[in-house]
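One structure is given below, encoded as structure tokens.
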């Protein structure tokens, strides 16, 4: 099984659209979409990873 990851190279973004495509982070928090998740990854200095797609 390949590790699940998301390309966050084009983040952080100053504003995220309100699209609902939830992702579950390694902090067991559900992020609304890739944009909000990637902004959190940047804020965590790369310590936050993707647990899985969908709600936690």
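Every residue gets a Cβ built from N, Cα and C, even glycine.
Look at Swiss-Prot and you will find 6-56 tagged as domain 'Kazal-like'. The feature disulfide bond is assigned by Swiss-Prot to 8-38, 16-35, 24-56. What Swiss-Prot records for 45 is N-linked glycosylation site.
Mapped onto this structure are the features recorded in Swiss-Prot.
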residue: 8; record: disulfide bond; Cβ within 10 Å: 18
residue: 16; record: disulfide bond; Cβ within 10 Å: 17
residue: 24; record: disulfide bond; Cβ within 10 Å: 18
residue: 35; record: disulfide bond; Cβ within 10 Å: 20
residue: 38; record: disulfide bond; Cβ within 10 Å: 23
residue: 45; record: N-linked glycosylation site; Cβ within 10 Å: 7
residue: 56; record: disulfide bond; Cβ within 10 Å: 13
Residue from 8, 24, 38, 56 whose C-alpha is spatially nearest that of residue 16 (disulfide bond), among the disulfide-bonded residues: 38
Residue distribution over DSSP helix, strand and coil in the domain 'Kazal-like' (6-56): 10 helix, 9 strand, 32 coil
10 Å Cα neighbourhood of residue 35 (disulfide bond): matching recorded positions from 8, 24, 45, 56: 8
Nearest of the recorded positions (8, 38, 45) to residue 56 (disulfide bond) - Cα to Cα: 38
Averaged pLDDT, computed only over the residues in the domain 'Kazal-like' (6-56): 93
